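These notes are about the structure you will find just below.
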């Protein structure tokens, strides 16, 4: 590839060498902000400043919905720029440089550019449609929380059959999206675990079995939930084993990437157990959007690690509210702390409740690490840079909010609005710090050995 211009005539070699070295002249503008950088920076700073108003805290989900929709439009603009405006210019340059395409095609097999282009164009639009549908599942906030939503409709006894079919579809789609990078042992464990999830929901009366009699007494689902926990621990153990092998025995990037993905798969299985049945479409859309954007947007447009980290952070915040959460303590689902337990046990209840509440941001954080580690062309320290950037995105708004709460300590809504938000921010910051510390430790251990 270094001597591709040898195929040219002698009178064009000099011009080809100049063309080959021309990208080096554009490094002076390397630090200039693009339109996407301005959007990400302005959106993050604007959200932080909006925390000074009680109304923006009560309806914070509207802020994240707006920012996410704007981000999808910005990605759509970048895709159009890549496949329409810049493609014609690059094609003209290639035509004048390459009189014969035989030697070029033999070295670079061309993919199906047409299908790739339309899939890339459809991905941001599909993401917008998914986000609009997810907003209708759970009404959150203060002003419109009393309005009926799709979740109430699905949970009614008259529509239990619809909820059962939707649950089966979501669990099957979850398996298809997650199993693609797992080992065969984890694939089997994931399949049995998702079957156990449906059995648990049927045992507690959320969905129905086709062969279940109405006179049968419903169980508490303890056995079924513990059945799923076994497979969750098995997948997490398999992923941790591959991760440690890649760190200690052999420096295998592929093995490390598979270990990280299996840890992510175990968390997905656990989230599918803890989510309420009507919230399983939120999990499926999360996985589907991650798959499509990773394949057709981030890999094709070559965003840097900081941009991808901020995008993951925005998506995680939006999916926190898609789950039905808010900045009100009353929206915390404490029933998940008893899944698989016959009585209240403090440590597991706290862990399960926190994991269920912050499942959206946690899954997007883990996907960020999996994506950065799977990109071979990126720097080996890109995962560490992503974790540092994510920690900064969480710590700076939390620090600013602490200052704002201190200044507004005599505000009328200090206990009803600002204090619950401070608890949410503190717990989110604690979870993010733990996850980032774990992955940064995994990144630094090979260099120490």
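For all residues, glycine too, the Cβ spot is worked out from N, Cα and C.
Automated prediction, rather than curation, is the source of TrEMBL annotations.
Keep in mind it's a predicted model, so treat the numbers as computed, not measured.
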**Request:** Choose the correct range: of 80-101, 102-123, 124-145, 190-211, which one does TrEMBL annotate as transmembrane segment? Give that range.
**Result:** 190-211
**Complete:** Which range is transmembrane segment per TrEMBL? Of 311-335, 386-410, it is 386-410
**Message:** Restricting to the domain 'GPI ethanolamine phosphate transferase 2 C-terminal' (115-425), what is the model's mean pLDDT?
**Reply:** 91
